[in-house]
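This report refers to the structure that appears directly beneath it.
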Amino acid sequence: MYPLYFFSPSLSFSLPSPLSLSLSLLSAQKLCGTNYPVSISFIVVNEFCERFSYYGMKAVLTLYFINYLHWDPNLSTAVYHAFSSLCYFTPVLGALIADSWLGKFKTIIYLSVVYVLGHIVKSVGAIPSVGDSTIHIVLSMVGLILIAFGTGGIKPCVAAFGGDQFDEEHTNERRKFFSIFYMSINGGSVLSTLITPMLRGDVQCFGGDCYALAFGVPAILMVIALVVFISGSGMYKKSPPEGNILLDVCKCMGLAIKNRWKSSKYDPKKKHWLDWAEDKYPRRLIHEIKMVLRVLVLYIPLPMFWALFDQQGSRWTLQATRMNMAFGSTFVLKPDQMQMLNALLILVFVPIFDMVVYPLIGLCRINLTPLKKMAVGMIFAALAFGSATLVEVNVTKTVVEPAPQGQCLLQVYNLAVSDVKLNIPGSNLFSQPIKSYEDPPAYQHIQLGGHNKTITMAVTQNEILYQCVQTFTEQKAYTLVLHSNGSEIVCQLATDNIHKSEKMEAYLRFINTRSEAVNITVGAVDFYVPADYGISPHNSVERKEYTNDKCTSGSQNFLITLGLLDFGASYTVILKGDPGEIILQKMEDVKANNVHIAWQIPQYVLITAGEVMFSITGLEFSYSQAPANMKSVLQAGWLLTVAFGNVIVLIVAEGAGLDQWMEFLLFAGLLVAVCIIFSIMAYFYTYVDPDELDKLFPDKTVNDDDEDNLKKNQKYHLDQTDNSMYLNPIEKRTKM
């Protein structure tokens, strides 16, 4: 789920000059007689705690926006992805600070302090007693910005700093360290996405879900991460800042553009626009930039994959809130815990793909190159959203859609002793007799032709006609209650709640047909129901089976059984019976969430398979195709594709205005189209071996003949058998 983020020129792990290292560093302590430095244990624990902190906070973020800040789903999704995007823009800043100014060690320390402050501010903003809603929003946004700068700033430094701890000759140990590092990332994410939703929902504080605790525990983990990292200070190898190649690349490209713009038609022609910078920069550097640009062009379609992938924490979590989360009679999953499935599956899929899937494909003599893998990963992600579309279509069947402008929704309860007929002028609705105490089948749309309208309806019982005059307002939902007062039919209008609870609770109200008022306690919620067809307000109650709930009428006490009040449903319970008894009849106004959360598993399986083939392969491809001093540039480009992917979701969520299933289908279709474009671009890409630069240009210069020779030698592909990320020659040009 969460790939490694290498982003530093020191990614090649070439140690500084021995003169810059103290003798104590050269004799660093090792773990249990191995070649692993003791210092890496501090780095791995730090990464585990930091990832727990980040993904634990992020797991509950969308529901926090909706349930605590009371934002609508589209705004919540947009802000969630704006935050995610910022987290992937800031690594560029972190790399510049580390490589040009502070060094990796100090950058991690200082920005971790910013990170901790962000968590603290975010947690304080989740305490209801601290200020009003405006203060909560301000504190939340400030906290998220600080967290984005903290996590993004240290993201490019930690993995590379861990690699710096190894001696030059211990390449195998270094490679295994990255596997351990990767496991710590996913281990932290699995535990955090399991635990923080429990802290949010199972612990009640300030009269509701405990978001302050759900954000506070990740803050504590980030403090622990910082303390652990500082504790190993005396054991680290700390390379000084060596300058950032990103700046050199930007300056070189800027100069080339400037010179090209100022050139005249009489100036000598150049083979490539970058050659206009050769009067100041070495031709080898210019050629290395050309190699990097070829890969960066391939990155242009990639943000669309991340636009789909990162919706697990937003749209998919919101989808889960409208599904049945119960497993048996005792265990109930929380919607934000489903994100754990991706991290769990990645731990299972990575070894399966490496040791089973890829070798089997190789036995079938299929040349599955890195770019082909990435294209297949896109297809898997598109299929995941196809699966999400099918789930969403079935989920929406339990949802009552609000009426459009100029209309309202109406259902009818006949609480009279016999059938009645209802006639609404200008419509043929309710043409069939309405049976006594019948649960209405569905809401009907009433045409108003304006903001509101007073309608005189005809009610017929036993061939006697009665008039019912009521005023309706557009875009509202109503229940028309018909009952007899002994001599005639009386009608009264009640406003309904048709929206499903975002907390996956059930809504409940009572109608009391008895002559005595009733007080009822359902769980921890009290209801007062007036006598003579009094109607209580809608209140949300926890989803569970209710038996032996307390009910008081006059001087008598009763125990009532409501049965299961299920996820997302809205119920009306009719109280009837003579004095001395209470009889219940439960109506279901809004259907319960009857699509089980297990139906989300296929989309998680598909998106995870896509991630294994797209993300991990893409990182290895980026690493292998860049010269040693340009790897940070490609890693910067890779991280920016994630950032721009989240920007795409932000734009669609706020601007498209589509039904959710149509939005899912749109994303799936866009990714398929992008995959086709990427496949065409990849077909014309030629794999290169950056190490050939040292052989072709030993004097650090390039002439035209050398460039021709380089083109002839661009016939390489990745060795995928051991994930070594090294290039091997092949006999013919490898496409895609």
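Backbone N, Cα and C atoms are what each Cβ position is placed from, and that goes for glycine too.
Curation does not apply to TrEMBL; its annotations are automatic.
The transmembrane segment annotation in TrEMBL covers 78-97, 109-131, 137-158, 179-199, 211-230, 291-309, 340-361, 373-391, 633-652, 664-685.
Tertiary neighbourhood of the transmembrane segment (211-230): same-chain residues 42-43, 45-50, 52-54, 56-57, 60, 64, 68, 108-109, 112-113, 115-116, 119-120, 122-124, 126-127, 192, 195-197, 199-200, 203, 205, selected by CB-CB distance under 8 Å and a gap of 6+ residues from either end. The stretches the transmembrane segment (664-685) and the transmembrane segment (340-361) do not meet in space: the count of Cβ pairs below 8 angstroms, excluding pairs fewer than 6 apart in sequence, stays at fewer than three. Remark: the transmembrane segment (137-158) contacts the transmembrane segment (78-97), by the rule of 3 or more CB pairs under 8 A. Beyond the transmembrane segment (291-309), the same-chain residues lying 6 or more positions past its ends with a Cβ under 8 Å from any Cβ of the stretch are 249, 274, 371, 377-378, 381-382, 384-385, 607, 610-611, 614-615, 618, 621-622, 625-627, 630, 633-634, 637-638, 640-649, 652, 667-668, 670-671, 674-675, 677-678, 681-682, 685, 688, 690. Cβ atoms under 8 Å from those of the transmembrane segment (179-199) belong to residues 1-4, 43-45, 47-57, 59-60, 159, 162, 210, 213-214, 217-218, 221, 334-337, 339-340, 343-344, 346-347 of the same chain, restricted to positions at least 6 beyond its ends. By the Cβ criterion (under 8 Å, sequence separation of 6 or more), the transmembrane segment (78-97) is in contact with the transmembrane segment (633-652), since 3+ such pairs are found.
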